[in-house]
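What follows is a set of notes on a single structure, which appears directly below.
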Amino acid sequence: MSAASSGSPAAPILSLRGVGISFRGVRALDDVTFDVPRGGVTAVIGPNGAGKTTLFNCISGIYRHEGDIALAGADIQHLRAHRRAAAGIARTFQTPTLLDAESVFENVLVGTHAWTRTGPAGVLLGTRSARREEREAREVAWERLTAVGLAPVAHVPAGALPHADRRRAEVARALASRPRILMLDEPAAGLSAAESDELLELVAEQGRATGMTSVLVEHDVALVMRTAGWIAVLDAGRLLATGAPDAIRQDPAVVAAYLGTDAEVAA
Amino acid sequence: MSAPVVHTEPTGRATAPDIRPRYRTPGFWTAVVAVAIAVAVPFLVSDYDLFNLSRVAAVAIGVASLNLLTGFSGQVSLGQGATFGIGGYAAMMAIRYLEWPVWVALLAAIAVGALVGFVIGLPAVRMGGFNLGLLTIVIAALFPVLLYRFSDFTGGQAGVTLAAPAFPSPTDSLTDAQWSYLVVLTLLVLTIAFLDQLVARRTGRALSLIRAGRILAVSNGVDVERLKLQFFVISSVLAALGGAIFAFVLGLVVPESYPLVFSITLLVASVVGGSRSWIGAILGAAMVVYLPSLASSVIPGEASAYLAQLVFAVVLGLCVIVASSGIAGAGRRLASSIERVLRERRATAPPTPPSTTREEIR
């Protein structure tokens with residue numbers, strides 16, 4: 001059964017408590033407190049400058065922030081970014097960021113760093129466990145690459161990919177990290193409606209298969225209403241509302257601050 | 001429980017690209033041929049040429065250590081010449097004052113290199129970029145000054161000399177120079193094999209991520225500071241090893257071998273040779289060793305030193321403009337475009353399955 005259908009599930013996968021951050025005196029996020037339900041797709045929406053990407057950077061540990069963050073009940077606010085990645089938080093970027101000189105396969109393979117353990121010494125000595133782990137990593141990477149439909153271009157340098165495929169490659173890399181939470185920063189930007197629907201369906205399918213939760217930051221309100229089971233609305237660094245899509249659509253504060261015109265366009 | 005999802009069955013070849021064994025890569029066989037030629041050389045050239053080639057091999061270890069740092073771990077050091085010199089002094093003083101055997105002295109140089117790498121690396125990794133350049137250049141500038149300042153210990157201008165060859169020939173059929181060259185060559189080959197294996201697989205991928213950007217690296221779970229420190233230390237160890245071997249080949253260490261310019265020269269050699277290539281390190285080292293003597297054959301006297309530096313600067317400029325991956329990189333590009341032309345001649349070849357391999361020797 002899906003936990004993200006409606007209401008607040010008992011055990012959220014991610015809990016934010018009083019998350020805040022300032023840049024040179026400017027309050028980018030202030031006292032953001034909400035839960036991300038386990039499983040399914042949660043969306044973070046809000047106008048430009050609301051702090052959506054900043055929130056992602058706090059969750060993934062890129063920024064040092066105030067407040068507490070718990071992943072599946074365990075505090076992670078004291079963990080540095082690479083430890084949070086290892087704990088199961090994966091992400092994509094607003095502008096797909098790939099190793100352009102490396103092959104697409106290699107780009108997905110780097111995602112396995114989060115759960116593989118072989119250190120330089122193991123690589124150097126080519127120990128049995130190092131070789132086994134390398135094989136497993138390659139299998140996982142290949143499986144994710146196949147899932148996003150990029151297997152035919154596995155050996156092509158990532159720099160030669162068209163934009164939509166760069167997004168796919170980035171999603172495959174994030175999936176190769178075996179995440180508990182996949183954070184997608186504007187996954188639809190630069191994609192056609194059909195392409196973004198396809199990409200998000202693929203992510204949702206991976207979520208259903210593995211129990212992974214997806215969190216996406218998105219401008220496209222219509223897309224969010226179609227795909228997300230739970231929505232958090234940010235405005236000027238503060239949390240405006242959280243709830244199921246239907247409730248958000250009718251929330252007067254949200255409509256006043258943000259949705260108004262966009263919702264009419266979407267409707 | 002969520003319903004099982006039917007995955008679209010990948011058609012045909014549904015397995016990950018194989019890890020091609022090292023011995024099946026073209027780079028491996030290039031290296032084998034190169035080593036075979038290098039082993040034959042001592043029986044074809046004079047002892048003086050062998051002395052120079054031994055210097056090239058020792059300097060190549062130093063340049064390779066810099067390639068590891070700049071080309072692979074994305075850090076920069078303008079003080080590698082000082083670490084190279086510290087390794088030389090450590091090994092020579094261990095023999096001269098402590099009367100340790102040569103091989104133990106090499107280990108001593110390695111230990112001192114590790115210590116130096118750790119002490120410089122700890123703050124250096126936090127600084128990074130421009131500040132790291134400044135810190136290392138200060139160390140490079142201070143090193144010869146300190147050698148003069150503590151001359152009771154370092155021998156001052158006269159330096160430290162060896163009473164007997166470090167690598168004496170064990171057999172009458174080989175001269176000391178031939179034997180010494182073969183020993184140094186072996187150490188170079190071992191170093192490069194070590195380095196080539198070190199930057200492979202998971203570590204190599206982490207290094208690629210670090211070079212692409214810090215945020216990308218940490219978001220994929222790479223502990224950037226830790227890996228950078230590890231590579232700073234390994235780089236220093238190899239620089240010290242190369243320096244010790246260099247000192248053994250010369251039979252002496254003197255402060256004037258290690259001015260600030262030498263550190264910069266090593267960095268230029270790394271860039272010009274190709275900082276992502278091990279062959280490039282050897283090419284760069286050959287330039288360091290041979291350019292001054294070539295220059296002095298063109299212009300006699302003191303002016304030759306300036307000519308050598310001028311040629312070096314021009315070659316560096318050319319590399320920055322036309323061949324950013326150095327001579328080795330340019331050669332590799334040439335080879336791949338020849339390969340492409342040949343492939344197009346063959347017209348309709350069947351598509352090759354994706355096979356990920358590090359096809360070039362680095």
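Placement of Cβ uses the backbone N, Cα and C atoms for every residue, glycine included.
If you check TrEMBL, you get these features:
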TRANSMEM  B:27-45  transmembrane segment
TRANSMEM  B:51-69  transmembrane segment
TRANSMEM  B:104-125  transmembrane segment
TRANSMEM  B:132-150  transmembrane segment
TRANSMEM  B:179-199  transmembrane segment
TRANSMEM  B:231-251  transmembrane segment
TRANSMEM  B:257-274  transmembrane segment
TRANSMEM  B:281-300  transmembrane segment
TRANSMEM  B:306-330  transmembrane segment
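No contact links the transmembrane segment (B:51-69) to the transmembrane segment (B:306-330), because fewer than 3 Cβ pairs that are 6 or more residues apart lie under 8 A. The largest share of C-beta pairs under 8 angstroms with the transmembrane segment (B:281-300) comes from B:257-274, of the ranges B:104-125, B:179-199, B:231-251, B:257-274, B:306-330.
Packing against the transmembrane segment (B:104-125) from elsewhere in the chain are residues 75, 77, 79, 83, 86-88, 90-92, 94-95, 132, 135-136, 139, 225, 228-229, 232-241, 243-245: each is 6 or more residues past its ends and has a CB under 8 Å from a CB in it. Packing against the transmembrane segment (B:306-330) from elsewhere in the chain are residues 261, 265, 268, 270-277, 279-280, 283-284, 287, 291-292, 294-296, 298-299: each is 6 or more residues past its ends and has a CB under 8 Å from a CB in it. Distant neighbours of the transmembrane segment (B:231-251): 51, 54-55, 57-62, 64-66, 68-69, 72-73, 75, 77, 80, 83-92, 102, 105-106, 109-110, 112-114, 116-118, 120-121, 124-125, 161-162, 165-167, 180, 184, 187, 191, 195, 198, 207, 257; these residues of the same chain sit at least 6 beyond its ends, with a Cβ under 8 Å from one of its Cβ atoms.
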